[in-house]
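Here's the structure, in structure tokens; my notes come after.
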Amino acid sequence: MIKLTKAEKNGLHGEITVPGDKSISHRALMFGAIAEGKTVIDNFLMSDDVMHTMGVFRALGVEIDHTESQATVIGKGLTNFKAPSAGLDMGNSGTSTRLLMGLLSKQPFDLNIFGDSSLSKRPLRRVADPLSMMNAQFELSNDEFLPAVIKANTELNGITYHMPVASAQVKSAILLAGIQAEGETTIIEDLPSRDHTERMLRQFGGQIKTDNGVITVKKQSKLSGQHVLVPSDISSAAFFMVAGLITPNSEITIKKVGVNPTRDGVIKLLERMGAEITQKPIASDGEPLADITVKAQTLHGIAITAEDIPGAVDELPILALAATQAVGDTIISGAEELRVKETDRISTVISELTKLGADIDEKPDGMVIHGGTLLHTSNGSTLLDSHGDHRIGMMNVIASLITEGDVVLTGEEAMSVSYPGFVEDVSSIKREWL
């Protein structure tokens, strides 16, 4: 339980470097493990979720060393993992679970996988179904959930799969199985989802074709270890972008942020709301990077629809907070995906922000946020809850910066899933400037 206070009248100022991208850190570990030779990962995110991915590969016999911001992986190739002595703990990580269901679907031994109570409520059928079409075999609790068994298997077959809903996790699971499968595996996307897996497969020497939403891979004979520079996580940077925009008299620069065009939906949506966001590109061999500067300014309500969701699904909680401060209404629709995140984020976003006086209507697939609300506590103090969800916890911290009265946050430990040290970093730009 921690006490949070409003920002000073002169606002938030300074430069901040947020931790490495969670999605890319997961994938760098995975590709490093299945490659041959050494992979060095810089600006590696040491968060709870990513450490569970690391723990899985160590249990499978992969040698991994790390310092505070670098990991070194000695790859074993795709066929040299050892059978673990116990079940594989996914913690709270949906990324680990879904991607590894594909990556580990062709091992000569059963793999028992389990997670915490939150992860055990998240559906797995939508990733298990296409993988089963490839001859992968799973035993899921109640045919849907963890704990589960990835069954021993010696053969995968390529498929053509039309994605029913844009999902980078499902797509990546199929691709990671596809590089081990006989024949071609083709995925058809109507809406683009984040493409970190495709980019990283190329970086590690894999063959992949992408053409206007059609992605094709074949069985890969060998991948080679690489040096991977992980950009700062745009999903984490989004909290500081919104903080700078909605806290009066602020100006913040967020350094070396990954601005992959399949992930920068939050920037596009904030710009549609009227934000002027300055990007200063940084030369990079891998993912595109930029320094991002924001200043306090007036925002306007917009409509966020299904086609916007894949590029900004993780940022919708903090966008909802921004919308409470915008002029006019913001309508979020086509966002059913939020209901199967770490929490039902439609419900938890509304639960927490309305405690501070926000005016929000819940819809089955989103919400309507009536803007222009001065956030305030009840009787001088309000208790907010992270609900065990890192992004809800971080949204609450940013909300406190513009809230009259004292805010007390419970469940703050959830933020370490993606951003250990988040509260300290917020404090560093919040201190009173002379």
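In case you wondered, yes, glycine gets a Cβ from its N, Cα and C as well.
As annotated by Swiss-Prot, 3-phosphoshikimate binding site applies to Lys22, Ser23, Arg27, Ser167, Gln169, Asp314, Lys341. Counting only same-chain residues at least 6 apart in sequence, those with a Cβ under 8 Å from the Cβ of Ser23 (3-phosphoshikimate binding site) are Thr95, Ala168, Arg194, His196, Asp233, Arg263.
Here the Cβ of Arg122 (phosphoenolpyruvate binding site) has 17 other Cβ atoms within 10 Å, regardless of which shown protein chain they belong to. Annotation source Swiss-Prot lists phosphoenolpyruvate binding site at Lys22, Gly94, Arg122, Gln169, Arg345, Arg391, citing sequence analysis.
The active site, proton acceptor annotation in Swiss-Prot covers Asp314. The Cβ of Asp314 (3-phosphoshikimate binding site) lies under 8 Å from the Cβ of Ser235, Arg391, each of these being in the same chain and 6 or more residues away along the sequence.
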Alpha-carbon spacing, Arg345 (phosphoenolpyruvate binding site) to Ser167 (3-phosphoshikimate binding site), which is rounded to whole Å | 17
One should report the C-alpha separation between Ser167 (3-phosphoshikimate binding site) and Arg122 (phosphoenolpyruvate binding site), rounded to whole angstrom, as 14
At the Cα level, what's the spacing in Å between Lys22 (3-phosphoshikimate binding site) and Arg122 (phosphoenolpyruvate binding site), rounded?
-> 19
For Lys341 (3-phosphoshikimate binding site), the nonlocal same-chain Cβ neighbours (under 8 Å, six or more residues apart) come out as Gly94, Arg122, Asp389, Arg391
Record lists Lys22, Gly94, Arg122, Gln169, Arg345, Arg391 as binding phosphoenolpyruvate; longest Cα-Cα distance in Å?
-> 19
